[in-house]
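Chemist: Provided herewith is a single structure, encoded as structure tokens, for subsequent inquiry.
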Amino acid sequence: MTIILFGAVGTLISFIIISLGSMQLFKKLNIDFLDTMDYLALGAIFSATDSVCTLQVLNQEETPLLYSLVFGEGVVNDATSVVLFNAIQRFDLSHITSSIAMQLFGSFVYLFATSTLLGVAVGLVSAYIIKKLYFGRHSTDREVALMILMAYLSYIMSELFNLSAILTVFFCGIVMSHYTWHNVTESSRVTTKHAFATLSFIAEIFIFLYVGMDALDIEKWKFVSKSPGKSVGASSILLGLVLVGRAAFIFPLSFISNLTRKSQSDKIGLKQQVVIWWAGLMRGAVSMALAYNQFTNSGHTQLPGNAIMITSTISVVLFSTVVFGLATKNLIRVLLPKTHSSNAVISELADLVDSKSLALPLLGDGKDGESEVGGDKIPRPTSLRMLLSTPTRTVHYYWRKFDDAIMRPVFGGRGFTPYIPGSPDLR
């Protein structure tokens with residue numbers, strides 16, 4: 001729920017602040033070439049975060065809650081921004097009325113829901129094909145090809161139906177990792193894991209190379225050089241609105257989220273809130289793609305106003321990535337100093353207790369979250385693996401029951417697909 005609060009509700013709050021703020025402040029710079037749709041598009045463009053830099057320096061083992069929040073919010077945020085942008089393009093927003101606003105919200109909900117359902121459907125089809133049909137089984141080449149082509153099919157179908165392809169691919173990937181990936185042979189799992197990781201890395205390099213080379217495009221800067229004050233002013237305003245818009249929802253929504261958490265250890269502390277706020281200040285590939293979609297014609301900037309907006313977007317992306325990205329590691333080191341990981345704790349306790357007593361903190365039923373070993377109280381580690389094996393009676397608990405009883409027997413998955421003897425054992 002916290003990820004949905006940050007990624008969906010928070011993005012909407014940031015979208016409103018950036019749109020209204022730019023609409024008011026740009027007029028003071030005599031920037032009069034933008035209409036209402038452009039201002040709303042700016043809100044969607046600069047609401048899309050790029051939290052890759054923060055994820056590189058966050059330790060998933062030391063701060064699992066923080067890592068999950070930053071990663072989850074970043075993905076949902078990108079999808080929400082793209083869906084918002086697509087919804088804006090569908091309407092004539094020169095005169096906004098209450099009915100148009102409701103239609104815009106309805107279009108947003110429609111795009112979000114249909115894109116999600118399409119991704120889930122294609123993911124389930126891929127799992128069923130590989131599990132039930134013979135032609136795709138026991139062959140690494142066919143299995144890997146099917147997984148790649150089915151994932152690409154979800155993207156193509158989403159574009160065909162004018163939906164949000166990034167959201168469709170995201171949910172298709174979730175379903176395929178939960179079902180399809182466990183239906184293939186061991187060698188296919190290793191191959192797909194490294195193949196997708198390599199493709200992802202190469203794509204990310206190309207995106208940043210493109211942003212860097214595009215920043216040196218002389219055509220746009222010639223237009224901007226005629227009015228440098230407007231370009232610098234627009235970049236500064238957009239960067240300031242990004243800072244304000246992010247703070248406007250991170251801290252209030254964190255407070256609301258903490259009200260629903262009973263355990264003090266599960267609450268999001270102020271230092272963690274600052275890190276989450278900082279993590280979302282960087283803008284990247286999604287912002288650039290949406291900006292080019294809105295302010296260029298077939299990839300070319302032919303109007304001075306559009307050139308100013310493109311160069312302002314590039315300036316914000318480069319400044320936030322370089323400056324905020326370089327400062328991220330030091331900020332995390334100051335706010336979240338390293339603590340002993342669970343592995344280090346276990347190794348320290350190994351000299352004091354035997355393996356049988358060491359399992360007591362994990363298996364004990366102490367209500368206070370602690371167990372006694374050798375007369376000493378040892379805090380019971382909170383682990384995602386423990387949650388997966390013995391989930392509490394929440395939405396996750398009932399989903400696991402439904403998944404184990406109905407979904408995984410049909411579509412496969414961990415523990416529901418027998419080991420194939422012909423598969424090379426790489427474990």
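Note that Cβ sites are derived from N, Cα and C of the backbone, with glycine treated the same way.
Sharing the record's features from TrEMBL:
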type	residues	note
DOMAIN	2-331	domain 'Cation/H+ exchanger transmembrane'
TRANSMEM	6-26	transmembrane segment
TRANSMEM	108-130	transmembrane segment
TRANSMEM	150-175	transmembrane segment
TRANSMEM	195-213	transmembrane segment
TRANSMEM	233-253	transmembrane segment
TRANSMEM	274-295	transmembrane segment
TRANSMEM	307-328	transmembrane segment
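Any idea what these are sitting next to in the structure?
Modeler: If you look at the transmembrane segment (6-26), the same-chain residues 6 or more away from its ends with a CB under 8 A from one of its CBs are 34, 36, 39-40, 42-44, 46-47, 69, 72-77, 79-81, 84, 234, 237-238, 241-242, 244-246, 248-250, 253, 276.
Within its own chain, the transmembrane segment (150-175) is flanked in space by residues 75, 78-79, 82-83, 86, 111-112, 114-116, 118-120, 122-127, 129, 286, which lie at least six positions past its ends and keep a Cβ under 8 Å from the stretch.
Remote same-chain residues near the transmembrane segment (274-295) are listed as 6, 38, 41, 44-46, 48-54, 66, 69-70, 73-74, 77-78, 81-82, 85, 166, 204, 207-208, 210-211, 214, 242-243, 246-247, 250-251, 254, 268, 301, 306, 309-310, 313-314, 316-317, 320-321, 324-325, 328, 331-332, 335-336 (criterion: CB distance under 8 Å, separation of at least six residues from the stretch ends).
Beyond the ends of the transmembrane segment (307-328), by six or more residues, the same chain brings 31, 34, 38, 42, 45-46, 50, 53-54, 57, 211-212, 214-215, 219-221, 223-224, 227, 230-231, 234-235, 238-239, 242, 278-279, 281-284, 287-288, 291-292, 294-296, 301 to within a C-beta distance below 8 angstroms of the stretch.
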Chemist: Go through the chain and flag residues at least 6 beyond the ends of the transmembrane segment (233-253) whose CB is under 8 A from any CB in it; none is fine as an answer.
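Modeler: Non-local partners: 2, 5-6, 9-10, 13-15, 17-18, 21-22, 25-26, 29, 31, 42, 46-47, 273, 276-277, 280-281, 283, 308-309, 311-313, 315-316, 319-320.
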